[in-house]
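Data first, discussion second: the structure below is written as structure tokens.
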Amino acid sequence: MAKVMNLTPVHASSIPDSFLLPADRLHPATTDVSLPIIDMSRGRDEVRQAILDSGKEYGFIQVVNHGISEPMLHEMYAVCHEFFDMPAEDKAEFFSEDRSERNKLFCGSAFETLGEKYWIDVLELLYPLPSGDTKDWPHKPQMLREVVGNYTSLARGVAMEILRLLCEGLGLRPDFFVGDISGGRVVVDINYYPPSPNPSRTLGLPPHCDRDLMTVLLPGAVPGLEIAYKGGWIKVQPVPNSLVINFGLQLEVVTNGYLKAVEHRAATNFAEPRLSVASFIVPADDCVVGPAEEFVSEDNPPRYRTLTVGEFKRKHNVVNLDSSINQIININNNQKGI
């Protein structure tokens, strides 16, 4: 265990070769962008249209006055930093290299990328619904279970409100996203990106689309989120007390491609650590997801296969990270064995 912990980015004195990525795969972001700031306290019609506009343009939305108080956000940042500031020996009891194990600390990202690792340590927690029971979470720091549990409940509430607004804007019944489609356990990734000795050769997370329904990101104050846009990459500048929400692959399937899950990645920097918290709104594994009839017509036939979420996850795990959603679940894909 000590040997493994010493190889995590937090404790490494130099970059292990497995964390160094080929330079030709690290196209730098060229533009600093502030995503449109959507004030959720404004009129409902205005907010709904702004969410649709930003979601269609970027696949991401940024919201303020979202209902989670500034003190709650500060408590969340504080307890997450407190966890990663603990001595290595205290964190070691929560560390696991077993990808099937939940409520664990791991390093290098959970993506299958042919042995490549990424400059990140992650505390991954499962928030069960409807109980919200956090007894299986780390018992240190003392306030972690209470603070992260309270925040996660609120973050899920923000996601459900945005999904209701999308229903209104897309002509879906108001409860379309209530039930199994959003009823899996919330997966909470508390991401710690240490300063990198070589940001030009490391990434915190590789380019990817989230395979959930929707992700709520507490972005932190240090830039690092980059999103694919018009053939390049743009840097997203953090806005105080905001949340950044992006559409997952399941939402793309439901809308038959009308809303897109957009690739994004996490850049590293030399100067200071970055902390962010991603809350993934996940369907139940046995939930069957396919294009909704509202998005299918004779002129616009289904573009995606209808699969259980469990089937989708298995297919996604065996596909190379650079593959697009079309190679995974496009109904016209003729590849064998996926």
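Each Cβ is built from the backbone N, Cα and C atoms, and glycine gets one as well.
Now, the feature entries from Swiss-Prot:
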type: BINDING; residues: HIS208, ASP210, HIS264; note: Fe cation binding site
type: BINDING; residues: ARG274; note: 2-oxoglutarate binding site
type: DOMAIN; residues: 180-283; note: domain 'Fe2OG dioxygenase'
DSSP residue counts for the domain 'Fe2OG dioxygenase' (180-283), split into helix, strand and coil: 12 helix, 46 strand, 46 coil
Binding-site residues compared (HIS208, HIS264, ARG274) - highest count of Cβ atoms within 10 Å: HIS264
Cβ-based neighbourhood (8 Å from the centroid) of the Fe cation site, residues HIS208, ASP210, HIS264 excluded: LEU205, PRO207, CYS209, THR215, ASN246, ALA261, VAL262, GLU263, ARG265
Cβ neighbour count (within 10 Å, all chains shown) around ASP210 (Fe cation binding site): 23
Per-region confidence, the domain 'Fe2OG dioxygenase' (180-283) (mean pLDDT, whole number): 95
Alpha-carbon spacing, HIS208 (Fe cation binding site) to the residue listed as '2-oxoglutarate binding site', which is rounded to whole Å: 19
Pairwise CA distance, ASP210 (Fe cation binding site) versus the residue listed as '2-oxoglutarate binding site', rounded so that it is a whole Å: 20
Rounded Cα-Cα span from the residue listed as '2-oxoglutarate binding site' to HIS264 (Fe cation binding site), Å: 16
